[in-house]
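Annotation source TrEMBL lists S-adenosyl-L-methionine binding site at Trp10, Leu45, Glu66, Arg123.
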Amino acid sequence: MDPQFWHEKWQMQQIGFHQPQVNPFLIRFWTSLGLDANSKIFVPLCGKSLDMCYLAELGHQVQGCELSQTAIEQFFAENQLPFQVQSQQQHQFFSADQLELIQGDIFTIDPSVTASIGGFYDRAALIAWPETMRQQYAKTLAKLIPANVSGLLITLDYPQDTLKGPPFAVSPDWIEQYLAPYFEISLLSCEDVLADNPRFVNKQVPWLNEAAYKLTRKA
Ligand SMILES: C[S@@+](CC[C@H](N)C(=O)[O-])C[C@H]1O[C@@H](n2cnc3c(N)ncnc32)[C@H](O)[C@@H]1O
C-alpha cells in the first residue's frame with residue numbers, strides 16, 4: 001500500500017477500519033502485559049483510534065505514528081483536545097497533555113524517537129501491509145522497539161484468496177517466521193469472529209480468526 005492509497009482513504013473518509021469504541025482485546029489483555037501505568041506506549045499506524053484515549057486514561061503517555069495529517073487532526077478535534085504542532089525534518093509532532101502523534105512515514109522514524117517507550121500496541125498496523133511490505137514493517141518495528149519492551153499485537157487471519165486486503169491475513173506461521181527472530185511471542189487468544197464482520201460474511205469468507213499476542217523485544 002503506497003502512501004497515496006491511505007491519503008485517499010482518509011480524504012474520502014473510507015475508514016471502515018476505524019472502531020467507534022475501544023478494542024475489546026485491548027481492554028481484556030492490556031493489564032496482563034504488566035506494564036508500568038505511567039510508561040510511554042508507542043502506537044504504530046495509529047489512525048484516529050480511540051484505543052489511544054483508553055491507554056491515556058490508564059495513565060500512559062501515548063506516542064502514535066500516522067501518515068495522514070487528516071487522521072491526526074480529526075483525532076484531536078473529535079476528542080476535543082487542544083494541541084500544539086512542531087516540525088522536525090520530514091515529521092510533524094502533534095502534542096497534547098499525554099499524547100504525541102507523529103505525522104509521517106513510520107519507515108523514516110529514527111529509533112532515538114521511540115527510545116524511551118515502555119510498551120507498544122499494534123491493532124490494524126501489521127495487517128495493513130501486503131506481504132512484501134509486511135516483512136519490511138516487521139524489521140522496522142523491531143528497530144523501533146527497545147530491548148525487553150513488551151506490547152500487544154492484534155491480527156486477523158482468513159483464507160487470503162477469498163478477499164482482497166487490507167486487512168491482510170496474517171497467520172500464526174507468519175508470526176513465527178518473521179517476528180520470532182526479534183520478539184518472544186505468546187498467544188493470548190484466538191477466536192473466530194466471522195459472525196461479527198458482515199464484509200467477510202458477504203464475500204463468503206469461510207472463517208476469520210482474530211488473535212492477540214504478547215510480544216517482548218529480545219535483548
Ligand atoms: C488500517 S489503518 C489502522 C489505524 C488504527 N491502528 C486503527 O486501529 O484504527 C492503517 C493506518 O496506517 C496509516 N499508515 C499507512 N502507511 C503508513 C506509514 N508508512 N507510516 C505511518 N502510518 C501509515 C494509514 O493512514 C492508516 O490510518
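The backbone N, Cα and C atoms fix where each Cβ goes, and this holds for glycine too.
A quick note: this is a predicted structure, and the numbers were derived from the prediction, not measured.
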Task: Any same-chain residues 6+ apart from Arg123 (S-adenosyl-L-methionine binding site) with CB under 8 Å of its CB? Would you list them in sequence order, or say none?
output: Asn23, Phe25, Leu26, Ser49, Asp51, Leu152, Ile154
Message: Between the two most separated Cα atoms in Trp10, Leu45, Glu66, Arg123, the residues recorded as binding S-adenosyl-L-methionine, what distance in Å do you get?
response: 18
- request: Could you tell me which three-state DSSP class Glu66 (S-adenosyl-L-methionine binding site) falls into?
  value: strand
Query: What are the non-local neighbours of Leu45 (S-adenosyl-L-methionine binding site), defined as same-chain residues 6+ apart in sequence with CB under 8 A from its CB?
result: Cys65, Glu66, Leu67, Ile106, Asp122, Ala124, Ala125, Ala128
